């Protein structure tokens, strides 16, 4: 046998791996236990699962107030954002899906399947486009700060934004008071503050106050000695001693005005003015290129670093720098803050026009009535514009005013003056009673209320001479038959009703023209 294997060595070498594989196969089959029968075990497990499903179906039929699992916000992954706990969260889908593009842009799309009640096609048969394709700008520091100095809230109120720290206020007065806090030189300063003393012994951290009430509260709290047991809310009515000079006061209510600002305190430092003058700056309104407004103080103020991300604030600072004289408009203040000096800022502030102009009341004496001079037939004609511009009429001189023309009807004053000569006569009432000679020269005399009279004076009526007689009582009596006839004719009811209707129609047209009505 060995001799035979030597004759065919390659053949026997190839058969060795097969023999080794057969050996290990027999070894494994003898050592490992055979597979058990698990059919009975599977049948029991399936039965328990079916019982669990039946119980779950029964639980689903009964409504529950709280869900079985916690609601987790997976809005960025396509889940729902805010879901009430009493809703079934298993069937809900978000109507908007948000994804992040490789360019770091947030992209939002509307899911058509999640919109309830939406029809896939319109009445025309064209498909509805549900994707918006709206992309927002990349995230930047400017997104965290407001870009406008004023913005309108949902309720219509305007919100004001501080130019120096982006703080928001709903009332402009609060913004004005807040801007004073950014000023380097405060409006009020404690006269007893000493920066050379240690910080623990100072009366205040800086000694400056932007508001007068806090300034007075500081002086009463730190520089007045009160009796023991006096509460802070009762200090104004309490007595006390000045902590600097020792002077006694029965009440501390007017301590600042009567003792400090008046200069009566003997402990005041040298060079201290008797009255602490207010040194707060004024506000200037600046409009940027996009139409927004910014309020800037004229005093030196500190600007927070985060405001530099606001483009409106940077543009407002540029406007201040271009319209100010000096090189120290913007300078470094401290480690990470800037100082804006707008003291020399020049801007043209338009004056506000008053909505309501107060009319000057004219004082009219009851005894004297001012009337123009008498115009005779030979006098030159006076234009109505010259009369209205050169003469100041009193409330009793309404007969000298021109009537208002109407498009639909003529006024009663226009009906009376048909001749050009009647319009140019200005009559002095004193000449009618005192000057008899003038009556004979110029018989065309009109009554003082000629424009208010409701009858038409013809030339024949005015050409009749006036006869005067002297009575025993030294009074002048006038007898004119023609005028008496005209006075009787004006009492005609038909003529009076026509004039009344004409005047009513004129007033109605005037009312409709001014108020836009259609009566």
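Positions of Cβ are set from backbone N, Cα and C atoms, glycine also.
Noted in Swiss-Prot for the protein shown:
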type	residues	note
COMPBIAS	47-61	compositional bias 'Basic and acidic residues'
COMPBIAS	364-381	compositional bias 'Polar residues'
REGION	16-35	region 'I'
REGION	47-69	region 'Disordered'
REGION	65-97	region 'II'
REGION	115-150	region 'Disordered'
REGION	357-382	region 'Disordered'
ZN_FING	160-182	zinc finger
ZN_FING	188-223	zinc finger
ZN_FING	240-265	zinc finger
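Residue counts for the zinc finger (160-182) under DSSP (helix as H, G, I; strand as E, B; rest coil) come to 11 helix, 4 strand, 8 coil. Taking DSSP states H, G and I as helix and E and B as strand, the zinc finger (188-223) has 14 helix, 4 strand, 18 coil. According to DSSP, the zinc finger (240-265) comprises 6 helix, 5 strand, 15 coil.
For the zinc finger (160-182), the model's pLDDT averages out at 83.
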